[in-house]
Amino acid sequence: MDLFEYQAKELFAKHEVPTSAGRVTDTVAGAREIAEEIGKPVMVKAQVKVGGRGKAGGVKYSADVDAAQANAEAILGLDIKGHVVKKLLVAEASDIAEEYYISFLLDRTNRTYLAMCSVEGGVEIEVTAEENPDALAKIPVDAVKGVDLAFARSIAEAGKLPAEVLDAAAVTIQKLWEVFIKEDALLVEVNPLVRTPNDEILALDGKVTLDENAAFRQPGHEAFEDKDATDPLELKAKENDLNYVKLDGEVGIIGNGAGLVMSTLDVVAYAGEKHGGVKPANFLDIGGGASAEVMANGLDVILNDAQVKSVFVNVFGGITACDAVANGIVGALKTLGDEANKPLVVRLDGNNVEEGRRILAEAAHPLVTVVGTMDEAADKAAELAFAAK
């Protein structure tokens, strides 16, 4: 999960990383109020999860309150690379003597943590890495030993930071490592990490990516979720612990197991070529449980997608037997009632398949068609979706 800058700075403050004072707002009046509270020149900064804010006019220096208000008016609603600005960070402007770069990230290729540091900050680090790779130091970090002050100082030295700020930089670098580890981050980046005329070190910007797989031990991270930017169907699925990804097709898909669902996407896409080019509408994996509640939650998500014209339920009975799946489908349709208004093509195979098919046949729901093979089911689902377009 990528964070907004203001959220990254909340984590920085939690771990005593020095930053400039400021608050977030979503109104022009709020920006003016914050600027008045600070009582000094401020930076008005667009809060979007994309780079290039400054070049796009999303970061403005404001010498006084009136300038802050005018800049807030100009930035709110601005489109930056497809991201509309809905929030602003109004922060105290800092005197800058020099700009550096520091980050911690997970190096998947080498299966280790990596620190990157450079005396050349304030610019796109990708440009520095390409045009002057020697200016960007890359230091592997032992996951067990971590980063103490001595190692943090060696990171700053490798990045060729000036000797007079090494101690102050080491303190900040060590605290950024603390953010990285204690918050279960995949990336912690500060660009620029600035030196003030008084040789103070400040994190003027911040980029943090959190590991969503660690959410179970980070209950506070739920507050960082950007619900405005997340598809409402994906939010509903997440609330019900369903693995769901919305796609752009017309055939809704429910399966048990990621491999089976991905295979189902392929066969539906292939079948769709014969039926007007219809495509899969989603990826939805209900995992090992196919109870009536789980099936109802899954169908509720898919049937609320206006693009979906038919639903393909593809289940291989293993630990969860096919009769349990069939009972889940029947129960789900009863639970949903009139909301279940699109045809379902069901393919069952595996443990207790005959009993599962018997249960569905006995229920005789007018929306349900039971098909024997995966290819036949995909073809039928694509045909029904095309007919309903």
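Going from the start of the chain as shown, residues are counted 1 onward.
Even glycines carry a Cβ here, placed using N, Cα and C.
Residues annotated as domain 'ATP-grasp' in Swiss-Prot: 9-236.
Other C-beta atoms found within 10 angstroms of the C-beta of R53 (ATP binding site) number 21, with every protein chain shown included. Annotated ATP binding site per Swiss-Prot: K45, G52, R53, G54, S94, E99, in sequence order, evidence recorded as sequence analysis.
As annotated by Swiss-Prot, Mg(2+) binding site applies to N191, D205. Counted within 10 Å of its Cβ, the other Cβ atoms near D205 (Mg(2+) binding site) come to 26, all protein chains included.
Under the DSSP three-state reduction, N256 (substrate binding site) is assigned to coil, being neither helix nor strand. Annotated substrate binding site per Swiss-Prot: N256, G318, I319, T320, in sequence order, evidence recorded as sequence analysis.
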Legend entry - C-beta crowding around E99 (ATP binding site), within 10 angstroms: 18
Inset, instruction - Determine the C-alpha span of the substrate site listed in the record, that is the greatest distance between any two of N256, G318, I319, T320, in Å to the nearest whole number. - result: 11
Inset, instruction - List only the single closest residue to N191 (Mg(2+) binding site), chosen from the binding-site residues G52, N256, I319, T320 by CA-CA distance. - result: G52
Inset, instruction - By CA-CA distance, flag whichever of D205, G318, I319, T320 among the binding-site residues is nearest to K45 (ATP binding site). - result: D205
Inset, instruction - Looking only at C-alpha atoms, tell me how far G54 (ATP binding site) is from T320 (substrate binding site), rounded to the nearest Å. - result: 54
Legend entry - Sequence-distant neighbours of G52 (ATP binding site) in its chain (C-beta under 8 A, six or more apart): I80, K81
